[in-house]
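> Sharing a structure below in structure tokens format, with a few things to ask.
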Amino acid sequence: MWQIVFLTFGCDLVLASAYNNFRKSVDSTGRRQYQVQNGPCSYTFLLPETDSCRSSSSPYMSNAVQRDAPLDYDDSVQRLQVLENILENNTQWLMKLENYIQDNMKKEMVEIQQNVVQNQTAVMIEIGTSLLNQTAAQTRKLTDVEAQVLNQTTRLELQLLQHSISTNKLEKQILDQTSEINKLQDKNSFLEKKVLDMEDKHSVQLQSMKEQKDQLQVLVSKQSSVIDELEKKLVTATVNNSVLQKQQHDLMETVNSLLTMMSSPDYKSSVAVPKEEKTTFRDCAEIFKSGLTTSGIYTLTFPNSTEEVKAYCDMDMGGGGWTVIQHREDGSVDFQRTWKEYKEGFGSPLGEYWLGNEFVSQLTSGHRYVLKIQLKDWEGSEAHSLYEHFYLSGEESNYRIHLTGLTGTAGKISSISQPGSDFSTKDSDNDKCICKCSQMLTGGWWFDACGPSNLNGQYYPQKQNTNKFNGIKWYYWKGSGYSLKATTMMIRPADF
């Protein structure tokens, strides 16, 4: 009886079109193998050998078997047929099994494919969602980056605009500075030319001064000879003075005799009554004390002389008795005058005038006088400077001014240089500067080295009175460039 010892089969999960293949072989143990191939599935059958069957290694030949045992051959044929029938049945069964497996595998494959598709769909959806989230995140990041870029771009544009504006301003400033530099260069060239002209002029002046020096040296030598002659005359005059003293003594005796004779009653009756002498005044203080207390023009007499001068007397200011020696108020009188004019005086006592250096010198040299300087600016303010002691030296000392004891509201420091300065005019330069202050600053004054004051300078009207070097100035009240509106210089005895 044939028995199926072992059956193996294998099928791929993926089914293809079926095909049949049958192969017979013998393994190493001598057992027969039958392999059936149906599509992707293969089936192997291992059948045992019967006892009557000999191996192919038997020493006798098959023809001998057939010849010696004919009955065994028929049995073998029958058995083979049975076996083939069994094999055919098994093959059919296997085909059915294969069909069943194929049908089931199709369903399973469809399910597997559906599951795979579902899983893949879920994965794809998850991946898509993740990609969408990542895309949204990236989009947000890109939006933020874009906003930052826009902000940075806007900031850069604003900075660029500011830099452009700054550049334009700098260019304008550079152009203005270039223009200013060009102007300064032109002005510098003009000033250089002017300096060269001044140097030439100064050279000419120095040459002229050298010539004047030579002339002065000649004059000094002449004066030395004159002085020698004068000394001789002085000796002669001294001798004559003794004679004069004797004559004076004789005259005094004669006068005393005449006085004795005039005092006798007989002489008084025989001599007619003389006329009343004319009253004279040396200054306005004497006029005020005489009972004349109205401000106005009065006649004053030089000390020890009959020479007279008209002067304005201020009987109202500070107790009255003031003799006005200078007055400025409207620029109607030109104060750029000569030495002689300042010596004798000029102008009108009712307006602008200068009383005269000679009269003031003689008046103040023998008595102690007070000097008051009254000042008025263009804004309506007034100030004054009061000197407790004032006098002028004689013409031989160039009418040098002497002042002490300053008080008042026009500055704590005197604007008239101290110690005393000599008087200078346009034709008599007695200052301490080689520039001739009277010609440069105009007017006659005690300039010293063109000092801090000049009340006889050029008169400038309102709105033209600032930044004027040659105006009517009083430095320690209004500075050197301010020209005053009105000034008055007046004197009065210190014991008034």
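Sequential numbering from 1, following the chain as shown.
For all residues, glycine too, the Cβ spot is worked out from N, Cα and C.
Residues or ranges marked as Ca(2+) binding site by Swiss-Prot on the basis of similarity to another entry: Asp429, Asp431, Cys433, Cys435. Annotation comment: Swiss-Prot describes 159-256 as coiled coil, evidence class sequence analysis. Under the heading disulfide bond, Swiss-Prot lists Cys284-Cys313, Cys433-Cys435, Cys437-Cys450, citing sequence analysis as support. As annotated by Swiss-Prot, domain 'Fibrinogen C-terminal' applies to 280-496. The N-linked glycosylation site annotation in Swiss-Prot covers Asn89, Asn119, Asn133, Asn151, Asn240, Asn304, and the record cites sequence analysis as its basis. Marked as signal peptide by Swiss-Prot on the basis of sequence analysis: 1-18.
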> Which whole-number value in Å describes the distance between the Cα atoms of Cys450 (disulfide bond) and Asp431 (Ca(2+) binding site)?
7
> Going by DSSP, give the three-state secondary structure for Cys433 (Ca(2+) binding site).
coil
> If we check Cα distances from Asn304 (N-linked glycosylation site), which of the recorded positions Asn119, Asn133, Asn151, Asp429 wins as closest?
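Smallest Cα separation from Asn304 (N-linked glycosylation site) among Asn119, Asn133, Asn151, Asp429: Asp429.
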> Would you mind giving the whole-number mean pLDDT across the domain 'Fibrinogen C-terminal' (280-496)?
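Computed over the domain 'Fibrinogen C-terminal' (280-496), the mean pLDDT is 93 on the 0 to 100 scale.
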> For the binding-site residues listed here (Asp429, Asp431), tell me which residue's CB has the most neighbouring CB atoms inside 10 Å.
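Top count of Cβ atoms within 10 Å goes to Asp431.
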> Is any of the recorded positions Asn133, Cys313, Asp429, Asp431 within 10 Å of Cys437 (disulfide bond) (Cα-Cα), and if so, which, in sequence order?
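Neighbours among recorded positions, in sequence order: Asp429, Asp431.
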> In sequence order, which same-chain residues at least six apart have a C-beta under 8 angstroms from Asn89 (N-linked glycosylation site)?
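Same-chain residues close to Asn89 (N-linked glycosylation site) (Cβ under 8 Å, separated by 6 or more): none.
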> Cβ within 8 angstroms of the Cβ centroid of Asp429, Asp431, Cys433, Cys435: which residues besides those meet this for the Ca(2+) site?
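Close Cβ neighbours, site residues excluded: Ser424, Lys432, Ile434, Lys436, Cys437, Ser438, Met440, Phe447, Ala449, Cys450.
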> Taking the Cα atoms as reference points, how far is Cys433 (Ca(2+) binding site) from Asn151 (N-linked glycosylation site) in Å?
74
